[in-house]
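According to TrEMBL, the features are:
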type: TRANSMEM; residues: 36-58; note: transmembrane segment
type: TRANSMEM; residues: 70-90; note: transmembrane segment
type: TRANSMEM; residues: 102-123; note: transmembrane segment
type: TRANSMEM; residues: 171-190; note: transmembrane segment
type: TRANSMEM; residues: 197-217; note: transmembrane segment
type: TRANSMEM; residues: 229-255; note: transmembrane segment
type: TRANSMEM; residues: 267-296; note: transmembrane segment
type: TRANSMEM; residues: 316-338; note: transmembrane segment
type: TRANSMEM; residues: 391-412; note: transmembrane segment
type: COMPBIAS; residues: 419-429; note: compositional bias 'Low complexity'
type: COMPBIAS; residues: 430-444; note: compositional bias 'Polar residues'
type: TRANSMEM; residues: 495-517; note: transmembrane segment
type: TRANSMEM; residues: 523-548; note: transmembrane segment
type: DOMAIN; residues: 558-608; note: domain 'Cationic amino acid transporter C-terminal'
type: TRANSMEM; residues: 585-606; note: transmembrane segment
Amino acid sequence: MVSPFRICAPAVRFCQKLNRLKTLEDDMMETSLKRCLSTVDLALLGVGGMVGSGLYVLTGTVAKDTAGPAVVISFLIAGIASLMAALCYAEFGARVPKTGSAYMFTYVSVGEIWAFLIGWNVVLEYMIGGAAVARAWSGYLDSIFNHTIKNFTETHIVHWNVPFIAHYPDLLAAGILLVATCFISFGAKVSSWLNHIFSAISMAVIVFILIFGFILAEPANWSKKEGGFAPFGISGIMAGTATCFYAFVGFDVIAASSEEAKNPQKAIPIATAVSLVLAASAYILVSMVLTLMVPWHSLNADSALSDAFYRRGYNWAGFIVAIGSICAMNTVLLSNLFSLPRIIYAMAEDGLFFQIFSRVNPVTKVPVIAIVVFGILMALLALIFDLEALVQFLSIGTLLAYTFVAASVIVLRFQPEKTSSSSTCSSGTNPEATTSESHPSAQDSGELKEYESFSDKLQLVEIQKKAKERKEPGQLKAAFEPYLKFLSNFEPGEVVAFSVLALMVCTLCLCAVLVFGNSHLDLPIWSFSMLVIIFGLGFLTSLALIWVHEPQHNTKTFQVPLVPLIPGLSILLNVFLMLKLSPMTWIRFSVWLAVGLVVYFGYGIWHSKENLRESKPRDVCARYVVLPSGSLVETVQAVQPEPQEPSRQISPSEEERGKR
């Protein structure tokens, strides 16, 4: 009879392959790319990724249709919510200064297949996002010239009437993407300087809007006569928050650029915080100016800012605003084209995507093949497709990436610190070395300090006591051991991993009840309340179980404060917003995931560097203890496994040599 364990063994090994983690190099700063970006460069890349067409379109749309003048509060709440996700990205970008953003962070802490799916969705997000901005850019420029380009194309070139296909090929949008692709391929520094120019013009226009707009402001536009400050109430403010949240999704370009940062440990957190504060301030102040200049219910949703100046009689100001909006859209285009090839490069470098995309140009130090190929694909999307139906598809990939990054922060924070093989497999240790490690001065000098005075002996006892109390990351804190003794039997980090999984499940169930409980499921009040309480308690219990374990105390790089609370709240918000998306978005998302799984199982799982690394023979560390008379000596040796030979007993002569 065949053992069930032997039958299940291949399935277990297959699951281990899917969830294997990326092995990081000892030198995290080593890269084939060029580290040339400063903190200012990264901050302006982040601002360019966030402050784009949304500032000139989204503010007017949300103010008119969703929140009224209370759009100011919506942007404030959305900015705070985005900060929770941004802090998680900042910690990973500082600790793992490698390109790949959410893909890399998931690969390091969660597993290979999850990392591939996150990267696969981020690729689509950047492609559709860049194409959509290019079409918005061409439409805005065309509107300045009274739609001359559109009319000429439909009349003299071609006009289509096909579903999901644009009515005419947008040659201008495709052209600007190809030009931007050329500039991006010249190198990270050229891209950064180009972004500096457009960002400087955009920020100068924003300052002009604020100064001139506050001069023209009329507080009566917030009065009850015009509908009041919050005409749609709290529900309108929260609905506006869900829309405004997507205005801040561009900050992940900073994490994607971490492998090209000069000093990522400091630059990534600072640039993330500065860019998010600047973007949130711009959105809040501009929406305040807009709703004070003209009544919120009379706004033109398509071009609210320029139209507001036109209506106040300042046509020249409206033209300046139009120039600022075009420059802002250029920064978003550059941000998308800058990040996309680097995600592709990271996946190809790890063997999960086609190796040709991992080639780096020796002169410009950028993945030129990835830039050119995906720049052309993005231009084709902008040329052919009507992207209005696909724009909502962007948000689901972004929110999924945010969710996994927040979960990865918790997992990585409570993982035991990995020691290198050199430290694990040493030639031997002696009592003097062990004793010297417990005291800094002895360790530095390499000699055993003599403790003669009573105060020195007390100091030594105190140091040894603290060393015993200091727990390994992932273990139960000493203060909770008397009350949660049963958790001490698990491996370090094991309870935290299960708690994170429980946290995700409880979050999904809680948000599903909140979103669908009253509308689709028609639950009675007692059932709805009971389910909310049960899953809410499960969410809080999972956070508590994580919190009672010892985290890593790493002071060298930035760390998210209040872990696991902030990542947990970020997961809750992201899942809630994902469930608010339309069913059609989920269908498209499922189809794209299915295509990704075909690519992974057809290519990635076999060519993965981790798969190749697993097939190589490894050294094994054998540990044995020699007990001479009256002393304890621990010896560690690195040996190669030889299963054919029986294990050899330690002879008395060897024991005597160990004693000497």
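The backbone N, Cα and C atoms fix where each Cβ goes, and this holds for glycine too.
TrEMBL labels come from automatic prediction, so no person has curated them.
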Non-local residues, at least 6 beyond the ends, that sit with Cβ under 8 Å of the transmembrane segment (36-58): 133, 136-137, 140, 188-189, 192, 195-196, 198-199, 202-203, 206, 243-244, 246-254, 257, 260-263, 266-268, 270-272, 274-276, 278-279, 282-283, 286, 301-306, 321, 324-325, 328-329, 331-332, 334-336, 338-339
Residues of the parent chain within Cβ reach of the transmembrane segment (70-90), under 8 Å, 6 or more residues beyond its termini: 59, 62-63, 101-102, 105, 229-232, 236-238, 240-241, 243-245, 247-249, 251-252, 254-255, 268-269, 272-273, 276, 279-280, 283-284, 287-288, 291, 402, 405-406, 408-409, 558, 560-561, 566-567, 569-570, 573-574
Stretch among 171-190, 391-412, 495-517 sharing the most Cβ pairs under 8 Å with the transmembrane segment (102-123): 391-412
Residues in the domain 'Cationic amino acid transporter C-terminal' (558-608) grouped by DSSP into helix, strand and remaining coil: 40 helix, 0 strand, 11 coil
Integer average pLDDT (0 to 100) for the domain 'Cationic amino acid transporter C-terminal' (558-608): 90
Contact call for the transmembrane segment (171-190) against the transmembrane segment (316-338), three or more Cβ pairs under 8 Å: yes
Leading contact stretch, 197-217, 229-255, 267-296, 316-338, 523-548 vs the transmembrane segment (391-412) - CB distance under 8 Å: 229-255
CB contact flag for the transmembrane segment (267-296) and the transmembrane segment (197-217), at least three pairs under 8 A: yes
